[in-house]
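Here is what TrEMBL records for this protein:
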type	residues	note
SIGNAL	1-24	signal peptide
DOMAIN	39-123	domain 'Copper amine oxidase N2-terminal'
DOMAIN	140-240	domain 'Copper amine oxidase N3-terminal'
ACT_SITE	Asp364	active site, proton acceptor
ACT_SITE	Tyr452	active site, schiff-base intermediate with substrate
MOD_RES	Tyr452	2',4',5'-topaquinone
Amino acid sequence: MWLLRVPWLLALLVTAASPGPSAAAPDPASVFADLSPAELRAVRTFLMERPELGLAPSRGGPLAKNSLFLVELLPPPKRVALRFLAHGGPRPRREARAIVFFGAQAEPNITELAVGPLPRPSSYRVLGLKGGRAVPFWARPMTQLEYELLHEALVAAVAPLEPLLREATGFGFQNCSERCLTFSDVAPRGLRPGERRTWLVLQRFVEGYFLHPVGLEVLLDHEDPDPRRWAVRRLWYNGRYFGSARAMAELHARGALPLARLPEPPARHLFSSYEPRGRFFTGTPTEVHGAKVCEPQGRRYRLRGNRLEYGGWSLAFRLRSSAGLQLFDVRFGGERVAYELSVQEAIAFYGGHSPAAMQTKYMDAGWAMGASSYELARGVDCPETATFLDAHHLLDADGPVRFANALCVFELPTGVPLRRHFDSDFQGGFNFYAGLEGRALVLRTTSTVYNYDYIWDFLLYPNGVLEAKVHATGYIHATFYTPQGRRYGSRVHSHLLGNIHTHLVHYKVDLDVAGTGNSFETMDIRFENISNPWSAGARVVQPWLHREPRRREREAVLPLGRAPPRYHLAVTRRHENEPSSSSIYTQNNPWDPPVTFESFIRDNETIEDQDLVAWVTVGFLHVPHSEDIPNTATPGNAVGFFLRPFNFFDEDPSVASRAPVIIRPLDPPTCSRLEIQRWTPPSPGACVHPEPFTYNGTY
């Protein structure tokens with residue numbers, strides 16, 4: 001048995017870079033490896049040369065064009081992959097998933113293609129979404145080209161407000177040099193299907209500009225593929241709505257518009273910066289290095305391509321451009337316990353007084369959060385001893401882009417023993433002491449989706465426990481402070497409102513416990529009040545376990561009775577046409593999304609002795625506060641879940657570790673002579689990383 005543990009529930013389910021083609025037999029894990037730069041280029045070249053597609057370069061040109069937006073691995077069907085992994089038969093056909101924007105045709109749409117075989121593609125086929133639905137062109141994710149056009153349209157639209165902005169903020173758009181304004185956009189982009197109207201929040205472009213709104217928000221309609229037809233529909237300034245920029249400018253010229261005047265930003269110690277300021281009360285040193293992670297006898301894990309091994313663990317991993325980390329063929333002790341474990345979606349729902357705040361419902365898969373995997377800093381984002389891996393993405397670009405040090409792998413001391421016991425003799429001595437140090441292997445990446453930074457971790461423990469965890473940090477999504485806004489958050493700075501929001505993160509857990517034929521049951525603790533069998537007239541109140549099989553999908557959504565779709569846990573039968581619970585199109589078409597998770601359970605299929613998937617939702621409510629300045633801190637802002645073995649092994653599998661310490665007295669009860677048993681060297685040795693800190697940051 002393998003236990004899926006989340007904080008509120010006990011639920012039981014029963015029963016380096018991608019290597020390119022070479023003459024040597026590759027590791028079986030490579031069937032799940034991300035596409036290499038050569039494969040990405042080959043797919044793009046093949047598609048660009050197909051005359052019937054009529055593809056144009058991604059950068060430049062009009063919006064109404066046919067262009068290649070995304071290329072990433074298309075994993076093989078599960079049954080094909082399992083047959084290969086189990087019997088070593090023919091390798092599955094290696095294919096790419098390509099997303100094409102068809103904007104230069106009578107009925108613009110978005111089409112997904114399967115392209116292969118790799119490394120030399122020669123054909124493609126259309127990948128149909130569940131239900132055979134087409135994706136409308138207006139539901140497409142934003143591109144760099146559209147952002148450039150959006151900026152141009154915004155600058156032109158608010159030109160009449162340049163005197164107002166200069167007077168109120170000291171910044172502007174026209175000939176601004178180092179005192180420029182910028183903007184952040186929110187989504188969904190409208191109120192109904194077919195719309196593409198975006199609220200833009202104007203900000204002073206200083207370090208940490210997310211915390212520097214100027215009080216002006218602009219609703220720009222960019223639904224038409226021709227930017228010449230774009231127009232401003234509404235404006236909001238300091239709590240008031242306006243129909244046009246010219247009307248606002250006229251009020252300002254007459255002195256009839258109260259201005260929200262912002263103080264001059266300081267040259268140093270800007271509140272949104274990381275620059276140190278102030279002193280700790282105790283005066284303990286912070287100018288020297290603190291505790292570090294080290295590997296005095298070398299690494300205790302093995303990394304071969306995308307195959308990761310540690311103790312009893314073995315798994316394949318990849319970093320999807322669309323949605324982030326994905327594990328495959330997860331094994332412990334050589335036995336598969338999960339076929340897939342992956343991030344699906346990260347959502348943040350906001351409330352506020354300004355129109356941008358009340359409209360913000362971020363669905364980060366729609367921003368290709370997997371491709372926002374920027375460089376990790378050695379010694380900060382990951383220990384100095386970590387192994388760093390590059391990622392290559394082909395997203396809204398005319399070729400693969402290298403993201404250096406986008407992932408890291410390291411062994412982490414947990415700071416608490418995995419297990420320990422002091423066996424007292426209750427006479428001032430002891431019979432024995434035994435303990436096993438706490439260690440876990442961490443696979444980490446980040447997604448910086450504009451203001452927020454998500455730190456994604458999978459942790460492997462020696463006792464067969466796997467933890468999925470995400471930390472939220474980065475800048476809060478903040479809006480301009482008005483007295484009415486206090487209802488929706490906290491005043492975190494003089495002109496800044498930290499808006500209330502809820503983070504929800506969705507995971508896919510395709511467990512294969514002792515094979516693919518699994519069932520699902522829950523265990524609840526109940527209490528009984530019974531007669532004491534060994535003392536007449538006495539009563540005993542005690543807990544007992546209530547096991548309940550969940551035989552159909554509708555019985556396997558928890559908590560029961562909760563209105564859909566925010567289930568903490570849902571267990572469904574696995575289908576190839578239900579690979580993900582969300583999509584990159586949902587952000588801009590939440591009203592009729594091409595992937596609707598509720599459809600996974602609507603047919604209420606049987607889930608007894610079937611290939612099952614557990615869909616896990618974790619999250620937290622964030623009421624921003626002044627301590628979120630300059631950034632939200634990770635302590636208290638992390639959520640996740642555990643996969644734990646439950647009567648799966650005969651004993652704790654970490655007994656195979658050679659790292660315990662056992663101490664026995666040779667002369668009890670005096671305990672003056674001790675026998676110390678260790679299977680590791682007596683001393684760990686030096687623990688210093690000699691290389692200085694370096695960072696590049698380009699991609």
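Each Cβ is built from the backbone N, Cα and C atoms, and glycine gets one as well.
Automatic, uncurated: that is what TrEMBL annotation is.
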Between the Cα atoms of the residue listed as 'active site, proton acceptor' and the residue listed as 'active site, schiff-base intermediate with substrate', what distance do you get, rounded to the nearest Å? 10
Model confidence over the domain 'Copper amine oxidase N3-terminal' (140-240) (mean pLDDT, whole number): 97
Within the same chain, the residues at least 6 apart in sequence whose Cβ is under 8 angstroms from that of Tyr452 (active site, schiff-base intermediate with substrate) are Ala348, Ala472, Thr473, Gly474, Tyr475, His477, Thr632
For the domain 'Copper amine oxidase N3-terminal' (140-240), DSSP counts of helix, strand and coil? 31 helix, 32 strand, 38 coil
Suppose we draw a 10 Å sphere around the Cβ of Asp364 (active site, proton acceptor). How many other Cβ atoms does it contain, all chains included? 25
